[in-house]
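What follows is one structure encoded as structure tokens, with my remarks underneath.
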Amino acid sequence: MSGTAPSLRAHPRVPSDPVSIAFCSSSGLYSKTVPRLKGVAFPALSSVVSKDQENVGSGMKALRAVALLGAGVTGLLGFASVASADEAEHGLEAPNYPWPHSGILSSYDHASIRRGHQVYQQVCASCHSMSLISFRDLVGVAYTEEEVKAMAAEIEVEDGPNDEGEMFMRPGKLSDRFPKPYSNEEAARFANGGAYPPDLSLITKARHNGQNYVYALLTGYRDPPAGVSIRDGLHYNPYFPGGAIAMPKMLNDGAVEYEDGTTATESQMGKDVVTFLSWAAEPEMEERKLMGFKWIFVLSLALLQAAYYRRLKWSVIKSRKLVLDVVN
């Protein structure tokens, strides 16, 4: 191949070192040793590459931002759908109410327990049993012994057998349990359209968020929202799992006439009956709190005594100075 290679001169003002450069012309590929120019900046390929990398990096950042935004929106929608499904399956979460007996050293409102027992007798006892509570449990809590004896004598209890081997009916006494509205579960289901009214002895301990749940359930009846259909015999309550409950709304203003003259509003009756049910589930709560406070006080005194004894015994040992005589 023939042709003349283009000339390449070194910079006249800068000392140079020889360097071999390959270049291409229209006539072919040539290689020539030329001086290296020190201190002179040529347009480098690295600048072009860095610009491309900056463009690629900005594009990747935008892509990551879009991906994170999409993941956040997807997670939010997924959480909303899960929360909606959980609410439909387990019921609406009950709010927290300031119960007067929920404090560390707080006790039950015994007047409220008495009113709550009245609500249970007149409203709840026709369907719900409290098989773990005896009449004598009410003595000294909400009633006097004479009042409870008169209350127990109003019912008849099957007892026996007698000397002739027959069962007989007798008036109730303090040791008897609260009477059951139905003789067995089958009878209870038949009378309530297939639904079984649960025993209320431990209901505030047997349900999640017990006291708050029971109060919200009793006062939370609403008309079903648009798009929600409730079949005949059921009632809409958002706090009940599934939203459909067989028990109708039982607490209505003025449904009970309190003995102490308290106005029987829906919220007041709900608060009183939940207080009574809380006491039934934990009748030893006040004694437990008092015993715990006594133990904390005694252990605090023991801790102070132990700290003083430790300082008395070890202060001399910790502050003494030991001298080692290596000569003698």
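Including glycine, each Cβ sits where the backbone N, Cα and C put it.
Quick look at what TrEMBL lists:
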DOMAIN    111-218  domain 'Cytochrome c'
BINDING   C124, C127, H128, M247  heme c binding site
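Mapped onto this structure are the features recorded in TrEMBL.
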residue : record              : Cβ within 10 Å
C124    : heme c binding site : 22
C127    : heme c binding site : 18
H128    : heme c binding site : 21
M247    : heme c binding site : 18
Helix, strand and coil totals (DSSP H, G, I; E, B; other) for the domain 'Cytochrome c' (111-218): 47 helix, 12 strand, 49 coil
For heme c, whose listed binding residues are C124, C127, H128, M247, the greatest C-alpha pairwise distance in Å: 11
Cβ-centroid neighbours of heme c site C124, C127, H128, M247, 8 Å, sequence order: V123, A125, S126, P197, L200, M250
